[in-house]
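Student: Please see the structure below; I have some questions.
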Amino acid sequence: MFFRGGALEEGPGLPLRPRARVGPGPWSKQLSELRGRGSLPIPMSDPKSQRASQENLRVCVTNCPTLIVMVGLPARGKTYISKKLTRYLNWIGVPTREFNVGQYRRDLVKTYRSFEFFLPDNEEGLKIRKQCAEAALRDVRHFLSDEDGHVAVFDATNTTRERRETIFKFGEENGYKTFFVESICVDPDVIAANIVQVKLGSPDYIDCGNDEATEDFMNRIECYKNSYETLDENLDKDLSYIKIMDVGRSYLVNRVMDHIQSRIVYYLMNIHVTPRSIYLCRHGESEMNILGRIGGDPGLSPRGKEFAKNLAQFINNQNIKDLKVWTSQMKRTIQTAEALGVPYEQWKVLNEIDAGVCEEMTYEEIQEHHPMEFALRDQDKYRYRYPKGESYEDLVQRLEPVIMELERQENVLVICHQAVMRCLLAYFLDKTAEELPYLKCPLHTVLKLTPVAYGCKLESIFLNVEAVNTHRERPENVDIHRSREEALRTVPKHL
């Protein structure tokens, strides 16, 4: 662990994506057309552009946007990190977007030929790569300055100090804080696994055999090695950055400047690439589920107890190595876990969303006694907060420690509640705040999440015990003056 400039370090690293080949001539016309459409900015080396930028230099205040710049050779996990970080920041409510320069290149250069595109003496290839980087930075500026974005992730190799200085100046000129994330990996097994998992499925190699694609990609890596300049403790001592060595073996953190950078560092120091699965399920059906009442702390219904037994059998049949079981502190999740016959850990932060004055009421009763609140919640279910209770937005903030711990762990079964499960599922499946409150999380169903290259594979397993439906779709009419019938149209049936 290192401390530098008041900052600390420790945590993991990870996998990536590819690039392209071009010969002389054919792409010059496409570049001209792209520039003519205004899709590319004026090259950053243009003196007029530099003078204009200096004249319009924006002062970077405390709460200014953040530009995250990935650094590293191909197949070092940069795109994996970029995508996970973007997903996490969006989940906690920080508007973030990833800009992958390799994708800009693929959009422009439709046919990949070989690693020769990346040779340092391929002038046409250098020209195209530079223009693609500039196009990406232009879009970064539009997102951060015009669309009210907060964080942009610039995903490219950025292996030379000259390139990084150019990007840093771009950030200064636009009033952004720049934070570098370098992934270094010397473990040949990790590199080989990354190539197999990610690169061989790339559009660049769609018509190649695995051996041919692997050889070409290894040659592509060699194209960058001679000019690669890693972030240096002395030469780059004034920059803000984290270096991740061998997917989390060690870390070096330098000059963390604000709250966002601190959260980024903390997150990156918790993720890992060890194969594992996360199992999410709700408690067994409760007595209040049958009555259509929300919240409370009821026990399981007879069918809920039957589900708990089936869950125990399911988990036993899965033969999961070193499985950890987490529950909330509410009776219905604890009773479900007790049937497993294994140790489990109770988390207060996994308790169901607090419905405040509406606790233990049916939707019909809420409409009768609090019609305005019922309509307001339908208008913005994610941000609406029950009187004396919580919103989904509050719940996401409450669950952030659970996400951090899930990223650190390997195999985990989380027995939780509908709103809690929606929040966790939204993180792993990269769902928006608008989608989150309407994710379907039925009773007596286990959702198995297995991390893959750039996301999660989802399997839904119903354990053959019927239960009431507690999912309410968003009604079409959300006006506060709607009729009772319109307000209750999507309420699921109950006793």
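Glycine too: its Cβ is placed from the backbone N, Cα and C atoms.
TrEMBL lists these features:
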{"type": "ACT_SITE", "residues": "His283", "note": "active site, tele-phosphohistidine intermediate"}
{"type": "ACT_SITE", "residues": "Glu352", "note": "active site, proton donor/acceptor"}
{"type": "BINDING", "residues": "Arg282, His283, Gly284, Glu285, Ser286, Glu287, Met288, Asn289, Arg332", "note": "substrate binding site"}
{"type": "DOMAIN", "residues": "61-275", "note": "domain '6-phosphofructo-2-kinase'"}
{"type": "REGION", "residues": "14-51", "note": "region 'Disordered'"}
Student: Please compute the mean pLDDT of the model over the domain '6-phosphofructo-2-kinase' (61-275).
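Tutor: For the domain '6-phosphofructo-2-kinase' (61-275), the model's average pLDDT rounds to 92.
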Student: How big is the Cα-to-Cα gap, in Å, between Gly284 (substrate binding site) and Glu352 (active site, proton donor/acceptor)?
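Tutor: That comes out at 14 Å between the alpha carbons.
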Student: Do me a favour and check the Cα-Cα span between Arg332 (substrate binding site) and His283 (active site, tele-phosphohistidine intermediate); whole Å is fine.
Tutor: 6
Student: When the Cα-Cα distance from the residue listed as 'active site, proton donor/acceptor' is computed for each of the recorded positions His283, Ser286, Met288, which gives the smallest value?
Tutor: His283
Student: Under 8 Å between C-beta atoms and at least six apart in sequence, can you list the same-chain neighbours of Ser286 (substrate binding site), or say none if there are none?
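Tutor: The answer is Pro298, Gly299, Leu300, Ser301, Gly304, Arg332.
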Student: Take the Cβ of Met288 (substrate binding site) and count every other Cβ within 10 Å, whichever protein chain it belongs to.
Tutor: 20
Student: So, in DSSP terms, is Met288 (substrate binding site) helix, strand, or coil?
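Tutor: SS state of Met288 (substrate binding site) = helix.
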Student: When you measure from the Cβ of Arg332 (substrate binding site), how many other Cβ atoms are you left with inside 10 Å?
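Tutor: Step by step: centre on the Cβ of Arg332 (substrate binding site), count other Cβ atoms within 10 Å, giving 28.
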Student: Taking the Cβ of Arg282 (substrate binding site) as reference, which residues of that chain separated by at least 6 in sequence fall under 8 Å from it?
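Tutor: For Arg282 (substrate binding site), the qualifying residues are Ile415, Cys416, His417, Gln418, Met421, Cys441, Pro442, Leu443, His444, Thr445.
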